[in-house]
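Got these off TrEMBL a minute ago, pasting:
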type	residues	note
BINDING	B:Arg95, B:Asn149	substrate binding site
BINDING	B:Cys170, B:His200	Mn(2+) binding site
DOMAIN	B:195-408	domain 'Glycosyl hydrolase family 4 C-terminal'
SITE	B:Glu111	site 'Increases basicity of active site Tyr'
There are 4 protein chains.
Amino acid sequence: MKPLKIVVIGGGSSYTPELVEGIILHRTTLPVKELILVDVLMGEEKVNIITDLAKRMFINAEMNVDVSYTLNRREALNGADFVLTQLRVGGLDARRKDERIPLQYGVIGQETTGPGGFAKAIRTIPVMLEICRDMENICPDAWLINFTNPSGIVTEAIHKYSKVKCIGLCNVPINMHYDAAERLGVNPKDLYCEFTGLNHLSFMTHAYYNGADRLPEILGIDVEEGIVENINKIEEMDIIANQLGFMLSPYLQYFYFEKSMIQEELENLHSAKGTRSDEVLEVEKGLFELYKNTELNIKPEALSKRGGARYSEAAISLINSIYNDSNELHVVNVINHGTIPELPQDSAVEVNCIINKQGATPIHIGSLPTTIRGLVEQVKMYETLTIKAAVTGDRTTALLALLNNPLIHDVMDAKNILNDLLDAHKDLLDNFYKDKMGRK
Amino acid sequence: MKPLKIVVIGGGSSYTPELVEGIILHRTTLPVKELILVDVLMGEEKVNIITDLAKRMFINAEMNVDVSYTLNRREALNGADFVLTQLRVGGLDARRKDERIPLQYGVIGQETTGPGGFAKAIRTIPVMLEICRDMENICPDAWLINFTNPSGIVTEAIHKYSKVKCIGLCNVPINMHYDAAERLGVNPKDLYCEFTGLNHLSFMTHAYYNGADRLPEILGIDVEEGIVENINKIEEMDIIANQLGFMLSPYLQYFYFEKSMIQEELENLHSAKGTRSDEVLEVEKGLFELYKNTELNIKPEALSKRGGARYSEAAISLINSIYNDSNELHVVNVINHGTIPELPQDSAVEVNCIINKQGATPIHIGSLPTTIRGLVEQVKMYETLTIKAAVTGDRTTALLALLNNPLIHDVMDAKNILNDLLDAHKDLLDNFYKDKMGRK
Amino acid sequence: MKPLKIVVIGGGSSYTPELVEGIILHRTTLPVKELILVDVLMGEEKVNIITDLAKRMFINAEMNVDVSYTLNRREALNGADFVLTQLRVGGLDARRKDERIPLQYGVIGQETTGPGGFAKAIRTIPVMLEICRDMENICPDAWLINFTNPSGIVTEAIHKYSKVKCIGLCNVPINMHYDAAERLGVNPKDLYCEFTGLNHLSFMTHAYYNGADRLPEILGIDVEEGIVENINKIEEMDIIANQLGFMLSPYLQYFYFEKSMIQEELENLHSAKGTRSDEVLEVEKGLFELYKNTELNIKPEALSKRGGARYSEAAISLINSIYNDSNELHVVNVINHGTIPELPQDSAVEVNCIINKQGATPIHIGSLPTTIRGLVEQVKMYETLTIKAAVTGDRTTALLALLNNPLIHDVMDAKNILNDLLDAHKDLLDNFYKDKMGRK
Amino acid sequence: MKPLKIVVIGGGSSYTPELVEGIILHRTTLPVKELILVDVLMGEEKVNIITDLAKRMFINAEMNVDVSYTLNRREALNGADFVLTQLRVGGLDARRKDERIPLQYGVIGQETTGPGGFAKAIRTIPVMLEICRDMENICPDAWLINFTNPSGIVTEAIHKYSKVKCIGLCNVPINMHYDAAERLGVNPKDLYCEFTGLNHLSFMTHAYYNGADRLPEILGIDVEEGIVENINKIEEMDIIANQLGFMLSPYLQYFYFEKSMIQEELENLHSAKGTRSDEVLEVEKGLFELYKNTELNIKPEALSKRGGARYSEAAISLINSIYNDSNELHVVNVINHGTIPELPQDSAVEVNCIINKQGATPIHIGSLPTTIRGLVEQVKMYETLTIKAAVTGDRTTALLALLNNPLIHDVMDAKNILNDLLDAHKDLLDNFYKDKMGRK
């Protein structure tokens, strides 16, 4: 077996120990020889801590993996087999603005949906396309496994503007899968869950166990826990899921319970709690304190609370299935090409795929059910326009993108929020601030 | 030429003098012999007044048309060539509830869009299907020209559940056409305007004059008046129309300026003004005072303020084009059959059609532009589910219909409003209150 | 009214007096000021004769139209409003080869279908694209009305490789329309015939008279004459038309009665009759003898036997409808854009269109019936590949084009016929004989 | 593991020892407890021989499987888990007529394509639907694995007219897969071949090895053997495969080399060789002589020449993948549902599928390439009409079906062949010979 080189861009993320654990768990089938963590100057302290932890984890596992970090991305990409992107342009500080600016206008402030997701997308897409330019030159045969949010939009942008082989990943589907299995009291491996929709807008439409679709039973179960973790509107989501007949991505609570989610967000904002980024900041601080501990040589339990549960399982088993050409089924973000006929051919969808050395081939999904088709199409139009805005820096396109977001209900809000976001992230939005000659 | 019998269901409407004027204006090509106005008991006084006015108008025009009214619909339909429906189930009182109930939850209260339009639809569809049952038996070759709102939804329901030949009509497109011509300073007859979308959700995408598309110029004109009359958000609509590149139906202000429209509605509600139905009630009172005047023998000028401007032109010239097999182009509501490929085959769309004895055949419209496709598809899914709810009386379907309406943002609002509407209109919603055996 | 300049490329054709008559008949609505006939050196004698005849015809009609001819196409195009193309690359001599070469292999030898039509297409497309290059430079606003066969393929090639505004024309649909009217004993103006399919592969699917589809009756009529003139297999075509439920283009006899048509062609070939080009040669000789007669100042009756019946009506009334923006319905060749959803978006179809200053907009046709869909799709794939072959000069593409033609049944035939055709027309097929640098 | 009962209808077929061997080879994962061979009276002798051989094979393999035969199908179906159909309505005698009748008119005479395949389809579909009626009543949860030809058409008919869970199977794709692997010199397990098209009209469009598409290399290999065995036109097929860029089903030689195939068939017919059924008759005789030998307790080598190579591998590993829910990829006949968007939603296609307890789910295939789309669509229309004809017994539909078959080129041939076939198989075509009351 050819030994592998894996490069992680945004390697200083607190999630990285998840990945390291995944590599350790797949050691018998995935011969990783080198792991390089890439980060930017302002993240050097963190990536240094992570690198040391990773070394200790591999030593503890008695594996011989070269771990190092670098601030020089192009150097790291040389000879890469897999590139994982988990970067956050502007860090938690930018996220904080994405959450707070919309809330000032009474609009959902969230990292990946609504205007916050839009801001994250237009900041992230140009950076991701730069990485792709480097990969096209330096390691054109390497696979890009993108975990950077908004994962679907980023994947679509890469497919539209680059030749890099890219699969978009999110841990929501795998968590929904495990949750369904748990509710039914069966082994997740024995359950076949079918998904349709988009990243952070996904629906489980079937859950076959032993040849029979058990989803109605799963949805009917009366539980305290809600269908997936991290849902605020637990009970309500269960009820609406039952009426739709589909298991719902937790992010759908922003669409189906927008009004009460805004109320909750506003209450938190005006309390000590703040927004989600404030919370994450605290969690991260605690995690890095743990990571610094030179006694620590395994993934700490506390990491699972960070929101990246089963990220390693999703990412490393995906890499494993590519590397070993094993035709496993994974739910990932790929280009539609007609598997959902109502969506544009060239748009990203989050669906069941066969994974092998050629990459991800969707099984045929077919038409969206009437009850969710409108929402999915509306969001896809928003995504399409967002990508166009990010690449062109055109403000009218950006406005029309926001106007197509179902969480914005008034042109005036769209305009004000757009202006504030473009202003707040001015340094990170070159495309919107260059002159007609393309100069900043 | 075969003399024609026209039946108007809801003949006591204040709009009827418009129709009478239209018949008079088309006298050379449209040989109307008999006009029967049908209404229900509670509208007898009004229909009586209208019948007398119509008689005077025809006498004044020196036309020999038999005008009468009846409360017996089936009798009236006998021998009918054209049946016009302009009824309002539950009258202005029901409309008043449709406007006020949603506003209690901070949701748009409007006659044809949002939950108000939903309530009107589920009240109206069963009544329209009863009329169709009668027509199928009594006058199966007659044309049904439907003006009853929500016109697109009603037309789709009729095509799905009846064999009656039906064309849905609305005066918005013709008014947008005249407005575009006025802005350009040209004769409306020389302008070719292309429309796409749905009833009360229509977009003018091109306006050809002398072979060139002059829409950009029309949209760019800086006017005080706004693109079409009856728009509250005049200036803002002009600006967003310009950015989209399409002329907009005035009803789109509820979608593009929802927040400020709700504010305005709430202000009016809490002022002496009340809601639109209160206004209409006043206008109607005044109109019927005028109509009673036995000196009056023409359509009074005041009628044009009622909101039905150019209704006669739209309706009677449509009938004229069918009767004379003249292949004229009209913008009407017909079944899609693929002319807009993104929408379901069996759904109603409001597009340019050739009108002749076979009815309305759409010209090929093609794909919806990215910037409006999401909204149109979302509303169409709402419409599809609304029709299903109206016919089955199923409350889950009704809830999912409302959840698909882009003017509702929370399952809790949907539930509360649905409950209140079903309760308020209990007497008019047999389908929702019958038992499992189909008994009330 | 702006006076018009019309340019006819291939003006020396024996059809031109048809056009002149058409101009005369439309004199009240179509103010033609200048008519220029363009031809090539080898056609100068003919075009001279035609020019003189045209002059006499206009004088006789007391019209003041400047008629002239030129061999300088670019000069003629200056200021043109309408350009009509009726050229034949290689003349009747090339046609003769197109008919005879396939017959050597027992394959249909015909001008516009089968391998003969293929040869005509690959000769004609590059010349038509040169004309388009000139028009783009010299008269970019002029309309190109293409009558040159294969008219559908040529129209598609122009739309794919040029910006010229082009409508493809054929006199088959108008003749089918007149034939249907005659059979029904009604005025053609009162009959509405709906067509679907491709040029020379068209089907009349409905024939509405007074609102009712009378096509079944038309097809059921037992006549000696057959459905349209110029059908060899008259009775048989009537029977199969009846079973399909559609009126058939006469060219469909080559597909539905291929075996007996080949037999007939072979018998003629080996008799004094020869192939159709031999016949045409004789007819043309006779026509030009007539045309030379300086006494002749009207279109001679004999012309109608040439195969161009109602060409003037089709062409000049089309021009008239464009010029006068009159929204008339004509059956022409336009780009599909989804009006027939099973065919590629960018392919030419022959369907009912509204004609006005913007050009030809198809009414929505919808799905092809199961019984003809396979044939139409098969031929469209042949056409698509033929255009690609003509433009690239690629021999593999040419072979695959022929292999997709339903009149060829064996790769060996395809290869042999292709080789012979490329060889026979070597001087007229630069694209196939240039080197890799694009040099001949 | 639940022990399995397998029923084989047409169990007296000479192929059955293949199946028995397959069961033996999968013994560790597929616990077969009972194998019942069903046949009709005229096949009793054969099925008796086969039953005895099967018993000896299981004993030799030291497996405890109950083997028996019966002429009572309904009894056999009781408790069945898998039903395999490999029956031949009318036996080799009917096949002989299917081959010879078309040849009288110079048309391809072949078992599954052309008019021979049509005759086999209309004989077989009603019988298969009767089996389905029994299964719906007796073993509604059992899987029907159909190997009876024309396998795609039969599968489509079952899906259209029955609720039985059915997967259509053919050994052509697996043989093409093995052939591709052999040419490349790799293990078939390491090659991922993608297919599109229909049964006996399939195309391998990609062959991935180690992540790279090696199909061009496979097609380019200059071999004596041809791409798959049993191809008469070996060299020619290689060349045309190369030009198309796809590996071709051997049955495509009838379409691409029709003329020379007819010549060859006619030569054979007029020689001692006869048609393929004559050959098969001889082979079968020899096989049953071998089977009778009570010393024989393994599958004899000679069987592989019969044409069913790798049938057991295809069938039993398919059953194995269903039973063990193992998500393996197989190329089978399933309902399209949009995986090939150009074909009707409800038609059968032969494509790569994931196989598990829910059955066969196609991976998303996408649009047919231009070079083969016409042929595939033409044949699919033929298939659609054939099924309709088989079920209704309507002669016009039958004629239109034949007219849509690309191997028939003249209505006259279609008529004559249809008449002869209906006449020859009168006793086996009740649907065509019943009166209007449905009585024979």
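Sequential numbering from 1, following the chain as shown.
Backbone N, Cα and C define each Cβ position, glycine as well.
No curator has checked TrEMBL annotations; they are predicted automatically.
Note that the structure is predicted; figures quoted are calculated from it, not measured.
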Would you mind pulling the DSSP three-state label for B:Arg95 (substrate binding site)?
helix
Could you check which of the recorded positions (B:Arg95, B:Glu111, B:Asn149) sits closest to B:Cys170 (Mn(2+) binding site), going Cα to Cα?
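Nearest in space to B:Cys170 (Mn(2+) binding site), counting only the recorded positions, is B:Asn149.
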Give me the non-local Cβ neighbours of B:His200 (Mn(2+) binding site): same chain, 6+ apart in sequence, Cβ-Cβ under 8 Å, ordered along the sequence.
B:Thr112, B:Thr113, B:Gly117, B:Asn149, B:Pro150, B:Ser151, B:Gly152, B:Cys170, B:Val172, B:Ser249, B:Tyr251
For B:Asn149 (substrate binding site), what is the secondary structure state per DSSP, taken as helix, strand or coil?
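Its secondary structure by DSSP: coil.
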State the Cα to Cα distance, in Å, between B:Glu111 (site 'Increases basicity of active site Tyr') and B:Arg95 (substrate binding site), rounded to an integer.
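On Cα coordinates alone, these residues lie 6 Å apart.
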Might you list, by sequence position, any residue in that chain lying six or more from B:Arg95 (substrate binding site) with a Cβ less than 8 Å away from its Cβ?
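Correct list: B:Arg88, B:Glu111, B:Gly116, B:Lys120, B:Ser277, B:Val280.
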Around the C-beta of B:Cys170 (Mn(2+) binding site), how many further C-beta atoms are within 10 angstroms, looking at every protein chain?
26
Determine the Cβ neighbour count for B:Glu111 (site 'Increases basicity of active site Tyr'): the number of other Cβ atoms within 10 Å of its Cβ.
25
Which value does the mean pLDDT take for the domain 'Glycosyl hydrolase family 4 C-terminal' (B:195-408) in this predicted structure?
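Across the residues of the domain 'Glycosyl hydrolase family 4 C-terminal' (B:195-408) the model's pLDDT averages 91 on the 0 to 100 scale.
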Count the Cβ atoms, other than its own, that fall within 10 Å of the Cβ of B:Asn149 (substrate binding site), considering every protein chain shown.
21
Please state whether DSSP places B:Cys170 (Mn(2+) binding site) in a helix, a strand or coil.
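For B:Cys170 (Mn(2+) binding site) - judged by DSSP and reduced to three states - the answer is coil.
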According to DSSP, does B:Glu111 (site 'Increases basicity of active site Tyr') fall in a helix, a strand, or coil?
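Assignment for B:Glu111 (site 'Increases basicity of active site Tyr') reads coil.
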